[in-house]
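Positions annotated as compositional bias 'Basic and acidic residues' by TrEMBL: 1-11, 51-77. Annotation source TrEMBL lists region 'Disordered' at 1-78. Feature annotation from TrEMBL assigns transmembrane segment to 92-112, 204-222, 227-245, 290-306, 312-329, 389-410, 466-488, 533-555, 567-586.
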C-alpha cells in the first residue's frame, strides 16, 4: 500500500505556471516507511530540464529549516540551565555568608563571656579554691561531681560511685546522677579524659569553656531562627545584639555557671530553630529531614540534662496542639513532631533510672490525649463554621480531660513525691489558699517565683526591644486570627504565599512563635524566673518582624496603601528600620559593653576562704556539716565533706531537711536544736550572721520570719506582726556562751561572717 504526500515547490527562473501547479508524488511502502522513487515517477515529476535541480533546492531548504528548529530549543535549555545555575550559586553564597555571620556571632559572644568572667572574678589570677568559690548560688556542688569523675581510676568506676553515693548527704545513699541531673558533668569529664586535655588545659577551664561554648551555640541558634523566618541574616545579627544588651534578663551564666539552665537552654534553642524550619512550607525534603533529625537529637538532650525540661516542652507542645486544632499545620508534620516527643521521653525515662516524674508529666498526658482525640474525631476539621467551632470545644475537652485523667492515674500507681507540694504552692501563688508551711512560703519568697518588677520592662524598653516587640506581636497576632477564621470557615491554607498577598499570619512557623511568645510571656508575668525562657525569644521574634517585608506588607494591605507601591515600600522599610535600630544600638550600647571588659571588678570573699581552709585542715574527713543550702554547696565543693542538705529546690525531701537545718535561726531551745542536728548525724553546725541578723525591706521573707510563722511564734496586734516565744533566738543565744547552750555545743571557729559549733557527742551539764 502506498501513501501519496504533496509538497509545493518554489518557483525558479524558467519555471512556468504549469510548474507551480506540479505535484511531486513520493511513493512510500507501508512496510519500510521509506520513499521509493521509480524512473517513471521521476519522469512524470521532471517536466523540463530543471526539475531535478528544483527538488534538490527544496530538500536543502527543508534541511536548513529543520536544523534551525532543532537549534532553537537547545539554546533555550542552555539559557534556562545557566540562569538556574546562577540562582543556585547566589543562594549558596548567601547561605554561606549567613552561616559565617552566625558562627562569628557565637564565637564573639563566647569570647566576650570568657573575658568578662575573667575580669569580674580575676579568674586567671586566683588559686583553685578561690576560683571554685566564684560558683555562686550553691551551684558549685555540680562542679564537685565533675572533679570527682576526674579523680577516680576509670569512668565506669566513677559512674558507679555516683549512682550509690553515701558521701554527700548524711545518713542517706542517693543516686546522684538521677537526683541532680549530672549528665553534663559525666559527658564533660568523659570528653576531658578521652581527649587527654589534662596536658593542655586545667579541668576548671575546660568545664567553664564548655558552658561558654554552649552559650555560643545558643546565640547562633537564635541567629538562625530569626534568619529562617525573615529571609535575611540581618535579622539574626539584630537578634544577637539585643540578646547581648539584655544579658541580665536573658541568661544566668554571669553568676552561676554550673546551673542546669545554662547547660540545657542552648539545646532548647537549637530545637526551636529546627522546629521553625520544619514547620516552614518552603523547604525541600532533604532540609525537612535534617530539621527532623536535629529536633530529635536536641529534644532528647534537653530532656536529659535538666529535670524541669519536660515542663518547658509541655508549653511548646501546647502551642503545637493549638496549631493542629485550628488546622494550621499539615497533619503529617504534627504526627512527626509527636513522634519526636515520644521517642525522646522514653529513652530519657530509662536514662534517668525510671524517673516517675516523666511518666506523670503534663507533656506525656497531652500527647496521649491528642492522639486519642484525633482517633475519635477524624472529621473534626470538616463542616461549616459553627459545627467546626463546636467540634473544637469538644476536642479541647476531650484532650485535656484525657491528659488530666492519665496523669492522675499514673500518680496513684507510681507515687510522685513532689506533686503534692507543687499543687499547694500553685494554690498559694494564685491566692486560692494561705498556709503557714515553711517550704511553700520559702519558695514563694524566692526571686524566681515572684512576679517580675517594673525594672524588667523598663530595661527592655530602654533597649528598644519592647516597643518593636509589641508592634510585631500585634500585627502577627491579628493576621493569625484572620487565618484561623478563614480556616474555620473552610478556606484552604495557602502554601505558596507571595509578598504581594500580605498574609504573614498564614506562615505556620510565624503562628507557632506567636503562640510561643504569648504563653511564655504570660508565665513571665507570674514568675520572674521565666524571663530567661521568654526574653531571648522576644529578641529573636522582634528582630524577625522588623526585618521581614511580609510584616510591613501585611500592614500596608490593611491600610490599602495606594499612593506608593506597597511592595517597594515594604522592602525599603524592612531594610531601613533594622539599619536605624542597629546604628542606634551600636552608638549607645557598644561603649557600655566594651566598658564592662575594661572595668576592674573585685570579687573576693576572705571569710569564706578562711572557713573552707579551716574545714580542710582541722575538721575530720568524715565530718558532717549543717548550714544554709547555698553555703553547704560550697562546703561540699571545696572540702568534699558530707552535708545535711543541698541547694536543690525541686526535691521535697531535701527541702524538709533544709527546714530542719534552718531551725538554728528560730526561737527554739538548745535541746530541740540538738535533737534535730543529731538526727541528721551532724558533727558541726555553721551559723551565718548574714541570716541571723538579716535586715530586709521585705520583712515577711526573711528566714527567721518564715520559721516564726511556721513554728507558731507570731502574734498579730493591730495589723502588726510580732515574734514571741519563751526561748530566745538560737543563733543569738548560742553566742552568749552560757548554759544550756554550752552543754550541747562548743564553738571551734569564728570570724566576721561565720560561727562554727561542734555538736557534742557527750553532753556536759554545767551551770
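Glycine residues also receive a Cβ, built from the backbone N, Cα and C atoms like all the rest.
Heads up, TrEMBL stuff is auto-annotated, nobody curated it.
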Recorded stretch, among 92-112, 312-329, 389-410, 533-555, maximising Cβ pairs under 8 Å relative to the transmembrane segment (204-222): 92-112
Residue numbers, six or more beyond the limits of the transmembrane segment (227-245), whose CB comes under 8 Å of its CB atoms: 97-98, 101-102, 105, 109, 112, 219, 273, 276-277, 280, 463, 465, 507, 509-510, 513, 536, 539-540, 542-549, 574-575, 578, 581-582, 585-586, 589, 593
The transmembrane segment (466-488) versus listed stretches 312-329, 389-410, 533-555: most Cβ pairs under 8 Å: 533-555
Contact between the transmembrane segment (389-410) and the transmembrane segment (312-329) (3 or more Cβ pairs under 8 Å, separation 6+): yes
